[in-house]
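Here TrEMBL flags 27-118, 130-229, 778-864, 994-1080 as domain 'Ig-like'. TrEMBL lists 243-338, 373-467, 474-567, 573-671, 678-779 with the feature domain 'Fibronectin type-III'.
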Amino acid sequence: MYIISIINALFKKYHKRLNEDSLMHTPEFVIKPRSHTVWEKQCVRLHCTISGWPEPRVVWYKNNVSIDPMAKPGKYKVESSYSVHSLEINKCDFDDTAQYRVSAMNSKGETSAFASVVVKSHVYHCVASPLLFITTHIVEKFGVSFGREGETLSFGCSVIIYPSLQRFQPEIEWYRDNKLLVQSKWVQMHWSGDRATLTLSHLNKEDEGLYTLRVITKSGFETHSAYVFVRDADAEVAGAPGAPLDVQSLDANKDYVIVTWKQPAVDGGSPILGYFVDRCEVGMTHWFQCNDTPVKFARFPVTGLVEGRSYVFRVRAVNKVGMSHPSRVSEPVAAMDPADRTRKGTTRTTKQIHKNKTKTKQAVKYTGVVPGRPRDLSVIEATKNYVVLSWKPPGDKGHEGVMYYVEKCVSGTDSWQRVNTEIPVKSPRFALFDLAEGKSYRFRVRCCNSAGVGEPSEPTEATTVGDKLDIPSAPGRVVPTRNTDTSVVVSWEASRAAKELVGYYIESSIAGRNTWEPCNNKPVKGTRFICHGLTTEESYVFRVRAVNAAGISDFSQESEAIKVKAAIASPTPPYGITVLECVRDSMVLAWKQPTFIGGADITGYFIDYREVIGGVPGKWHEANIKSVSERAYRVSELKENMLYQFQVRAANMAGVGIPSLPSETFKCEEWTIAVPGPPHDLQVQEVRKDSLVLLWKAPVYQGRDPVNGYYIDIKEAEADFEMWRGVNEKATNKTFMKVCIHDLKEGESYVFRVRAQNKAGVGKASDPTEPVEAVTKPGTAEIVVNVDDDGVISLNFECSNLTADSKFVWSKNYKEMTEPERMTLETKGSKSKAIFKTPSEEDLGIYSCFVTHTDGASASYTLSEETLKELLKISHDHKFPIIPLKTELAVELLEKGRVRFWLQAEKISANGKIEYVFNDNVIHQGEMNFDKNTGVIEMFMESLGKEDEGTFTFQLQDGKATNQSSLVLIGDVFKQLQKESEFQKKEWIRKQGPHFVEYLGYEVTPECCVRLKCKVANMKKDSVALWYKDGREIKVNEKLDFSEGVLTLEITQISKKDAGIYEVVLKDDRGKDTSTLNLTDQGNTAEKGFKSTITIIKLTPYTNVH
């Protein structure tokens, strides 16, 4: 029994160890699935062996979309038995060519393996086989383009062909305004194998129009169109008109041709006076002007051509400022009979040769016969500059070498005048110039040959010289409507009773500026046109003119102003429907926002669901009657273990959009997995070339334990699934993260996903974001912190590409601040600011601003404790600014004993004010100076009395800035300053008259004499110097004379009797000064070294004093 109990204990201990977490591990592939290449209609089976504890959940994916066998019954078969898992695909076709992934996941993690399946067709080797259905897709499409005359413009599209066949080239056609283009010196077309390109060399306004690419295969065709605008080149002379366009040669004959053109849209600011037509013979370089005076009619007959030669033409416009650039040259035209032009280049048959021989015989037969009358003479065109006649040759075809004379006469007379008197014309067309405008004429024609001149034709009816074609009337009401952010659709009422209308020109101007710019440089024939290249959010007005050969009409009335912004439409379908949580009778769905929201904010979403029974979908049912604003919704009242599909529709103010594609088929069964579900609603903000901010929402399904962190993964957008790599090694507990990866390749696109974790492990990854290009877009702005003059701290963000619907959304720690208690949000135009009310540590955090309805304009600013301290210091300095001082208040004594109090400010404006304060009382007396250039401030006092003991203060104010400096003068400090002041005052008074510079002293000379001397100054003629000893004047016989301002008294053989007090007195009418020397002790000392007999008492003058 004892042994059995031991065995049971060991057995329990063994099972306990088996259940420990240390034995749990992530799934591992023992055998991975391998790739297969199969023929159509064959079956393929992918299988693998997976280990892991707890037992992993296995899901098969096709191109990263999970495979639901119930969605296509019989197509897929999924089996799992004893760690062996397989996917069988029946009756493979082209659509089964894909990358397949098998994912194994348990509470410890997830792992995947990949295999490719390629399905080959038996007809792939035969490109021309009618059994092969080829599809094409046009991608990377060219958009609306703008060019300028003389430039070269290239554009094109990439073409994806499926299936991909070697050496297969679809038929590529290019059209302009629905006319097929052919290769020429102006147009070059190129196919590189996957891209069709069109190049327009040396642009002219004739190249403007709607360009269409058509890709044609035997299975059908696909097209793409966009407009190309060509602006005028800069004129050689400012204010000259634009060049005419679309020059053509019509009705060419032996010596005559009609040249037509279209008027330019730009007249340079002055009316066009007319046009000059130039011709040039093919092969030559010299241009010859055909008309001496400008013609206003956009049609002109050119005569005098040499039969058999070819010509090209061009036209120039002129106004009062100057001449335009010449137009693009016309196509060459030969001066010959139209019948000969038709026959030229054709192969003649034997019958035609016989016929020509017959004509030659007939010509010989009619040699010497005068020709008959011309037939059907008429006036085909009449303007005020010319009249054009047309007729047919005589009925008898046998007349060879027939030419014509034209005659005219004024109506009401019978006086005929020959017009071409010198040379007859060869063509049955003739243009008459120099006719009197307003007069009526009749015309007739005669034939002539070598035999003579025939009878005249029947005369025409009377024709009045003048323009028969009227200029069109102004178009009617112009109505603009919104189209895109940079274009407006303009429609108008057609000109009434307009004849031979060429088209319309449209002009635009920013509302209120009256500065008009052409929207098209080539006339459009319809009454609707899309004007591109406008500025978003700017208001424009439009006007229209009509054009025909006679000229350009007056402008229509201006349209109403319209702001340029995208037209509102219902949103496109949402996409990416996923399940965030599932219980027995409900599911939480999530989806992604439509790629196009229709130009207005999405107001909500509507969700539909349907049951799928036996692979057959049922009817759709509404899940919500009232729209939901979030992109997540719980669909309730579902049936447990039933299969469902879902669809979502988005709504805005324009209406409810079309529904999304049906989702995958989801089974309504309660999730029991321990790890969390996927995070959702991933958003990317603040995209820069080396960083971005990723936001997400927490999983709806938490698992067995609460979520305690998140991991972010990244990979290149085009990289394979196994290229996912982690961004953060340690889980973050926030629902946002700034991703700073310095090895990002600028311009490369990346996708991101997020995984949540709890105690049980890491859960399923979220759906990846849309590809994000690592680039800092031009014009990207950052949040700027500012402290204004009042010390108010604010965060400022500016966006240059706002739309009418854009809004600034401020967040703290990426949670929107709708009504912040500690901040005030202000937005004016393109600028927004978040103002701190009372900044403190409560305001620390990350502040971000996102602008809606833009291309992702956003930025953030981190307010740290250190930054806040620095900002508060700056704020205090701005609230209470201080005038900086170079020196503090100081005192110094001047002559006369005056006292100077002064300081110097480092910077003070001319508006600065100073107050002088003594013991808290403002001083208004005394001399006060303020030098605003140097900042020196000073105050002067004549003297210091007992009442002046105390504290002196200078108070400065310059606007809001203030400062003060004080000086305390009390006690010994004050008494010493007062004493020095009094002394300086006395000294100054003393020095106003004769005075001592050096007081009386003595020296012993080398001759052993004692010399008393002093130095004096400010002496004049009347000044006297008196010497005294012991109060008795020392008499000298010599006159006082000072050569160097020094007085001396020499005592030779000094003895005790010479001891005493010596005094010198200087005086005149200005005052006196006294200096005394006590020689009592000095005399005794001197006696020891010198003899005691006084031999000479002499006053030695050193300076002359005047």
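Here the Cβ of each residue, glycine as well, is placed from N, Cα and C on the backbone.
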Query = Looking at the domain 'Fibronectin type-III' (573-671) and the domain 'Fibronectin type-III' (373-467), are there 3+ C-beta pairs under 8 A, with each pair at least 6 apart in sequence?
reply = no
For the domain 'Fibronectin type-III' (474-567), residues assigned helix / strand / coil by DSSP = 0 helix, 44 strand, 50 coil
Query = Over the domain 'Ig-like' (778-864), what is the model's average pLDDT?
reply = 90
Residue counts (helix, strand, coil, in that order) that DSSP gives for the domain 'Fibronectin type-III' (373-467) = 0 helix, 48 strand, 47 coil
Ask   = Which numbers of helix, strand and coil residues does DSSP report for the domain 'Ig-like' (27-118)?
value = 3 helix, 58 strand, 31 coil
